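> What Swiss-Prot records for this protein is below:
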- 1-65: region 'Domain I' (REGION)
- 66-144: region 'Domain II' (REGION)
- 145-155: region 'Flexible linker' (REGION)
- 155-204: region 'Domain III' (REGION)
Amino acid sequence: MIGRLRGLVAEVGEEDALIDVMGVGYVVRCGSRTLSRLPAVGEETVIHVESVFGEQTGVTLYGFLGRDERRAFVTLRTIQGVGPKAALAVLDVLAPPELAAAVAREDKAAVARANGVGPKLAQRIVVELKDKPISDGPVAAFHAQATTPQPIKVSAAGEAVAALMGLGIAEPQARRVVESAALRLGEEAEPPALIKAALQELGR
C-alpha cells in the first residue's frame, strides 16, 4: 500500500494531479484546497496518500499535503454516507483543526457548507466525530468560543505549514515554528510572512 509519494509535479488538473516519481507517473485525486497549494509544475512535492479500492474504479490514490488531512479523510470515511468525494468536500471547506472545532461546538452549518453534504449528513458527521480523532493540531486556537486568544487564522497556518513541508521540513517541526511565528506576528499574519519568519527561526 502506498502511503507517501515524493516526486515532481507533472500535471495539475481540476480533480487530480500527476506526480512523477523517478519516471513513474502517479495520478492522485485531491481536493481543491490541496490542488491550490501544490508547488508549480516541475517542482518537487511530498504527497501523503490514502489508497481506496472501488469495484468499478479499482484502486484510487487520494492525496494530501499533510498527515493531519489524510487522518481526517480516513476518519470521515468511517461515517455512514460519507464516501471519498464527500470527505474531500468537507476538507475543502474545513481544515482538520477547523473541523475539530466545528464538531466541538456542534456546528453542523459549517460542515454543511461542503459541496454535496446536506443538513442530515452534516448532523451525522458532527455527532459521530465527537469521540473520533480528527486533528493533531491545536484545536482550541480555532474554537469560536475558546478562552485563549486566537494566534492565527487556520488557513494561513495551514498554508505556511504545507509550504515548509514542501521544502522537506518534518510536519511537527513545521507546525512548531509556524505557531511560534504566529505568536510573534499576530492573528492577521499572512502565509508569506509566516513562512519567512519560520524559515528565519530555522536558520534558512
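Here the Cβ of each residue, glycine as well, is placed from N, Cα and C on the backbone.
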> Averaged across the region 'Domain I' (1-65), what pLDDT does the model get? Just tell me the whole number, please.
91
> Please spell out the DSSP helix, strand and coil residue counts for the region 'Domain I' (1-65).
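Helix (H, G, I), strand (E, B), coil: 6 helix, 39 strand, 20 coil.
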> What are the DSSP helix/strand/coil residue counts across the region 'Domain III' (155-204)?
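Output for the region 'Domain III' (155-204) reads 38 helix, 0 strand, 12 coil.
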> Which residue counts does DSSP give the region 'Domain II' (66-144) for helix, strand and coil?
47 helix, 0 strand, 32 coil
